[in-house]
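Participant: My questions all concern the structure below.
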Amino acid sequence: MSMYGRDPWGGPLEICPDSATDDDRSRNLDIDRGALSRTLDETQQSWLLAGPGDQGRKKKKYVDIGCLVVSRKLFVWTLGVLLAAAVFAGVVAGIAKAIPRRHRPTPPPDDYTVALHKALMFFNAQRSGKLPKHNNVHWRGNSCLKDGLSDPAVRRSLVGGYYDAGDAVKHNFPAAFSMTLLSWSVIEYSAKYEAVGELGHVRDIIKWGADYFLKTFNSTADSIDRVIAQVGSAAMSPGSTQPNDRYCWMRPEDIDYPRPVVECHACSDLAAEMAAALAAASIVFKDNKAYSQKLVHGAATLFQFARDRRGRYSAGGSDAAKFYNSTSYWDEFVWGSSWMYLATGNSSYLTLATHPKLAKHAGAFWGGPDYGVFSWDNKLTGAQVLLSRLRLFLSPGYPYEEMLRTFHNQTSIIMCSYLPIFKSFNRTKGGLIQLNHGKPQPLQYVVNAAFLASVFSDYLEAADTPGWYCGPHFYSIEVLRSFARTQIEYILGKNPLKMSYVVGFGNHYPKHVHHRGASIPKNGVHYGCKGGWKWRDTKKPNPNTIVGAMVAGPDRHDGFKDVRKNYNYTEATLAGNAGLVAALVALSGEGHGVDKNTMFSAVPPMFPSPPPPPAPWKP
């Protein structure tokens, strides 16, 4: 039996068994001569004609790699090149791993960030009570550890809190505003604080203030009839030599004179501001549920007290009226109820904050020389910006929309008044806006405006709004940020005197700050009430640098007197530094806007009530 196939050249091929004879093979070849008549190419002929020795040599010249027959030389050369390339690549990779990597150095922090680190240190220098080990101000120590306990009318501990300025008085009204402002900045810019390593520090600063406020009233009760307004006294009658926090020039650590406590039984402005401070802090500490709820409960108690017992805390020519006189409590109602709503989500607070009569009493519908000036006394501008945020991001609709739109429009007008093209406020030749109309201590108002301009521009950007209208003219948010930057840069040294008004920032800053603790050396000597006067009156620089303190600032002619006794130039305050910190963090860094969501963490989803039906039609 035979098998058939096709030979390489296309003809039939008979495979004979091994037993076939030579004659049979010859016969078969004769029969298949047609196959040999085909034209063969050169390679095929060489295979047929070559002898056994030639075929071996030919095979050595070629390599069969399956689907392709290539020259052996070419194959060997290609394989060698590939192996050499692999070896070379391995050597290069090894060398690259052996060489130590040099990471690109991180860019140096911007001036705003550097100043921010320093500005926060001021609060460490102002702490009262038993200081924590990490306070980092070497010339400060424990002080006034008998506050409250030594007053026969109080007999409870009021240790802690912050000294307001260069003396040792604890004024709760501006201190509460300072803590509210710091909390607002943390809620908006926690990512920025964290990026520069200051989030823990600023939270610690806020908690130090909040813990003290909880001591100033019965924070566990649902209703109260009094609240502490002040610890210490700076009142001086003509010719008086009675030792107190103004007459004496002493380190707080050495104070040995009585420190009276001022209680208030009708103080809507103070209580509403303290409620705002605790409410804002409760959002900052929302990660600590128990503490946050404690702050919210205290805030609710204070706000109810503010509503029930109407009155100004500084009425009647009190000690506070000479230093921190409150002109009204209506703005604190708008401000406090706004923060209470954000902290609780209780819509009754939002209903109050957007009540037209309350807004009218607070002055939301009229101008005046101080309209748009945000300060420890006037919270209306801050409240309007805060409520504009609510409209931009949540848009609660009816029945709040009408007043929220009004607040938003008023905020836009205020932002217009900050721009140089408008003449609502004068400017010095050096470019500093005169929000207090040329009166002393201008910088505390400037930094607050810089913060509001920065945060409002960030609101607009987060809401995909490129700018806002001033009348028929449209201005981009960059114009608003430019205003904030130029004002802060003036404070940091871009002014006619080339002086930084933040102590420790730059090379040229005030050396004679009006501050008792900074001006008296920590040398183990106890300087009594009058013993410290020599340090007050000396022309030598302060022995202790109160890092980060923003002084009161220049006059309306860009002039500045670095004189310790002239507090209108050289005194620093809690409220001023709180505004500075808020403005600096808002302007610092790149790529971080506001945190849109944390502010509303306690606000439930909004399902606006439908508007009332129209009146029945009458022919």
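Cβ coordinates come from backbone N, Cα and C, glycine included.
As listed in TrEMBL for this protein:
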{"type": "REGION", "residues": "1-28", "note": "region 'Disordered'"}
{"type": "TRANSMEM", "residues": "74-96", "note": "transmembrane segment"}
{"type": "DOMAIN", "residues": "112-584", "note": "domain 'Glycoside hydrolase family 9'"}
{"type": "ACT_SITE", "residues": "His514", "note": "active site"}
{"type": "ACT_SITE", "residues": "Asp562", "note": "active site"}
{"type": "ACT_SITE", "residues": "Glu571", "note": "active site"}
Participant: Enumerate same-chain residues with a sequence separation of six or more from Glu571 (active site) and a Cβ-Cβ distance below 8 A; give 'none' if the list is empty.
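Facilitator: Non-local contacts for Glu571 (active site): Ala165, Gly166, Gln441, Val513, His514, His515, Val551, Ala552.
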Participant: Let me make sure I understand the structure: which of the active-site residues listed (His514, Asp562) has the fewest other Cβ atoms within 10 A of its Cβ?
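Facilitator: Among the active-site residues His514, Asp562, the sparsest Cβ neighbourhood within 10 Å belongs to Asp562.
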Participant: State the mean pLDDT for the domain 'Glycoside hydrolase family 9' (112-584).
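Facilitator: The answer is 96, the mean pLDDT of the model over that range.
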